[in-house]
Amino acid sequence: MVRQNWILLAVVGAVLIYEASGLNCVVCNSQEANCVDGSKPSEACTNGETSCYLRTNGANINRGCLTDAQPDCPAVEGSTCIKCTSDDCNNQQLKWPQCHKCATTDATCSDAQTGAGSFCTNYISANKCYERFSAGKVERGCQSDLPAAANNPCEGNDQCIACDGNNCNSDEGRVFQETTCVQCDTSNDADGKCLDGSAAATKCVEMSGGKCYSRIIANGVLERGCSGKLTPVEVTACTGTTCAICTEDNGCNKGIFPADRLQCHQCKKADSASCSDELTTEVNSKICSIYQADDKCYSRVKDDQSFDRGCQSNLPANEKSCNGLANCFECDGKNCNSLSEQTLTESTKCQRCTSDDAACLAGTAPVQSCGQTGDSCFVRINNDGKLERDCLSTLKTDDEKVKCNSDTDKTCIACTEAGCNNQKWLKCHKCKGGACKDEQAGEGEHCTNYKESDKCYERFLDGTDVDRGCESDLDPATENVCVANQQCKTCDVDSCNNDVSTAFLETKCVQCKSSEDADGSCLKGTKAEEICAVPDGKCYSRIIDGGILERGCRSALTAQEQTACTGEQCNLCGDVGCNKGVFPENRLLCYQCQSTDDASCSNELTGDAKAGLCKIWKADDKCYSRVTAALNFERGCQSDLGDNANVCDALNDCLECDGKNCNSLSEQKLKNRAKCLKCDSEDTSCVDATSEIVSANCDNVEDSCFVRVNNGKLERNCLNTLGEADQAKCKDANDQSCVTCTGQGCNVEKWIKCHQCKESSSSTCNAEQVDANAQFCPKYKVDNQCYERLESEKVVRGCSNDLSEAACTNNLECRTCAESACNKAAANSLKTNQRCLQCSTASDDGGLCLAGTAASQACKKESGGKCFNQVQADGQLKRGCQGELTAAEVTACTGDSCKICDTADCNTGLFPANRLKCYQCKSLADESCTNELQGADKSLYCKLYVAQDKCYSRDATDKEFERGCQSDLGLNVDACKDLDGKHCKTCDEPDCNAISKIKLNGAGAIALNVVLVVVAAAAAAIAGL
């Protein structure tokens, strides 16, 4: 064992020796690639070195292997060398930073540093470079080169930056110099110094590198501050008029910003009476506190006659300074709102706006002050193509003013009355050439010249080229461009000359009215077309008041009528004579004649000989045939009789129909046509008094009648009033939900109503029913009846023909009746006193039938109030109503095995009275079965009755002991067959089989067996010793 231990120690020692000499270190100096950052691959130390090291001499660093004999390199931080003892420990995990180093005496130390710095003299793992001001001068270096107590080079110095990363301390000195800026915003500027830029600069909390900013933020608020507060994205975006960063000196973000910020006189006459005078000083002059690029100054007299001046931007967002005020002046120069209240009220008033405003385009913009008296108003189309309305004094050059005052130059109109520059200046499409023939899209251009009743035109020149424009832009001598040119059209609505060129070609249309149509050609659409007085390439057909048909040229319609010409009753079309033919296309065609004029009118008609279009158009027009009160026969269109005429009123032989020439039947067929009752159960006569209803004509002369129940409603009508599916249902002889007949007025069948419910699904079905709740039976049957009956003590009510057998078959608690809603009796009135126990022990869950405690039930057959108990041939007990027995069974029902009694529920209790009672159990299911038994537990009446029945106890197998009635084993079975007295015993007294298994088998024999077992066990034990 000792020898084994020495071998193990030798192996371990060898491994340890191997591991000690197998150290890997990075070996290099900073002249080699990847040595500074330590990423150079390591190599095995070869001279028994036990440590790796990293050190510097200030200019370079070295990494390598170190022996214990070189104690000048400690394992703790804070010197020019650091050592470690694990594999590869002097790689990237040991980094020796480079920092820029310079002292306050170096004039260039405050400049931005370039190139690589020097290695820090001493090593610490959490080393940093720093740059800071000290006594107003800049110095840079390594944290590790400071005294050990100065572990934070920036502590107590706000003008200092400490950073991680080689050469990171290279910033220009002003970057970490203390910065002071104006820091405020005009939303919190009680003294107004933030707004005017006179607020004092304060020290920046954030490092801001000597930079300040001014910018306009949300809602026109001016904000000033230190650039260090801004995000990099905000710094990049800080350009343009509304944001500026300055670096000139501390507090450089002073002064007004933006430089062009508007300055206005701001006062109220209510606060100072002098506010209404002309202002010549800057006493009331203030910078507008909310910046808007398009801000304006204003002076105004408000509706309450108060006077004030100010900046438009200072008003609430939903308020305009001159909103509807005539005595109001807006301007956009410094303190331009200096005029007095008197000058304002006496000044010239003009509309001052451009067509960007819809009211300005219409000439309905409110007037505003021109800011001086003796001014004029003008309206013109400016160089941007916009309509401009303003005061003449606003024009910048004298040439512009002369042009507006000229009587011959209509490109600008001047006037001197208040608001007189409200002229409507028309817009038209202007073009020539190929594309000009097409329909013009969008809006046109303002006419170059103004003309009071100007028009747009579109025309063909020489029958080929199309020209569009403004009438005012043509030679003034031409008052109407369409004179002597039938292929020309003018209009006076903005951009109206946009039609495709075919619209103003020569146009021909049918032009007529059916009310002035002697030969019927207008109605038929066969009248010849005529040239339109004003061509626009389109015709129309339309129905006007009174159902009159009118045809004509679209140009004859007003603009509103043209727009409304859509749908079935008005149609526009674009070909020569396109408005011919029947209109509307579905105009009704009926046979039209009278027997007084033409005897053949009474015959059945075919063909079109007597057919004609209905002259008056009605969307729901109908044809008719009728025998009049004067017994004349006539046919025609319902519309020809007048708006309120009832064609068949008080007429027995009359037909209305709505198809082409549908009124073709002969007078005789009309008189013999199908007639049916047309009503539903909302009319009580339709249910019970059909003789009071007069049958009415069916639209189809050869129709049938029907009666049905639909969604609980009784309906009588002509069969053709139903849809195809419903008609098929009514014609189906096997479907009695609808019945049909073919005689006039034949659909008079009585359809009974019954109460229909089940107490199992309706909590009120057992109660007496209300007549109004009865419903029509779903199916028809001649002499149908209602029924009501008890089923398991619960009422069921319904229609007899819904059942597959007679309603009261095998049920004495049942009634039928033949009148509507007659099955309404309460449940108690249906009960009978003929009630008995009705059951058999052959299916007796719970033993209730055997014990005679089962619930009694109503007898299903007449039993004279008598019940019976009967032991059947197989020993089973049957209980029931006498009506179930045959006459022979009733006669034979005597003795112990059958008994008839004559009161309700009389067949209860034990039967026969001498039925044997035995203990009944099996030991496999109940171990206590083997014990001596006593009391009622496990004592049960024998299920089968046998006159000489016996109880038994037996040990039939080695595994199970059982007790019971011998009859349960079979009517002729001996329970103890093939078993001796020690294994089976029978007896014939109640519960006589209480003997225990031990007693049955014999106690002495059992005891001997036990002793023998014990002795054998003892003998075996002695032999073992």
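Note that Cβ sites are derived from N, Cα and C of the backbone, with glycine treated the same way.
Residues or ranges marked as domain 'DUF753' in TrEMBL: 98-169 (among others). Averaged across the domain 'DUF753' (98-169), the predicted model reaches a pLDDT of 86.
According to TrEMBL, the feature domain 'DUF753' maps to 180-253 (among others).
TrEMBL lists 262-337 (among others) with the feature domain 'DUF753'.
The domain 'DUF753' annotation in TrEMBL covers 349-421 (among others).
The domain 'DUF753' annotation in TrEMBL covers 427-497 (among others).
If you look up TrEMBL, you'll see 508-579 (among others) marked as domain 'DUF753'.
Annotated domain 'DUF753' per TrEMBL: 590-663 (among others), in sequence order.
Look at TrEMBL and you will find 675-747 (among others) tagged as domain 'DUF753'.
Annotation source TrEMBL lists domain 'DUF753' at 753-823 (among others). According to DSSP, the domain 'DUF753' (753-823) comprises 6 helix, 22 strand, 43 coil.
The helix, strand and coil residue counts that DSSP assigns across the domain 'DUF753' (834-907) are 19 helix, 22 strand, 33 coil. What TrEMBL lists as domain 'DUF753' is 834-907 (among others).
Look at TrEMBL and you will find 917-993 (among others) tagged as domain 'DUF753'.
Taken from TrEMBL, the feature signal peptide applies to 1-22.
For 1002-1023, the entry in TrEMBL reads transmembrane segment.
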- Take the domain 'DUF753' (262-337) and count its residues per DSSP category (helix H/G/I, strand E/B, coil), listing them in that order. 7 helix, 22 strand, 47 coil
- Most Cβ pairs under 8 Å to the domain 'DUF753' (262-337), of 180-253, 427-497, 508-579, 834-907, goes to 180-253
- Message: Pairs of Cβ atoms less than 8 Å apart decide it: which stretch in 427-497, 508-579, 753-823 has the most with the domain 'DUF753' (834-907)?
- Response: 753-823
- Please figure out which one of 349-421, 427-497, 753-823, 917-993 racks up the most CB pairs under 8 Å against the domain 'DUF753' (675-747). 753-823
- Message: With a cut-off of 8 Å between Cβ atoms, can you find at least three pairs linking the domain 'DUF753' (508-579) to the domain 'DUF753' (753-823)? Only pairs 6 or more residues apart in sequence count.
- Response: no
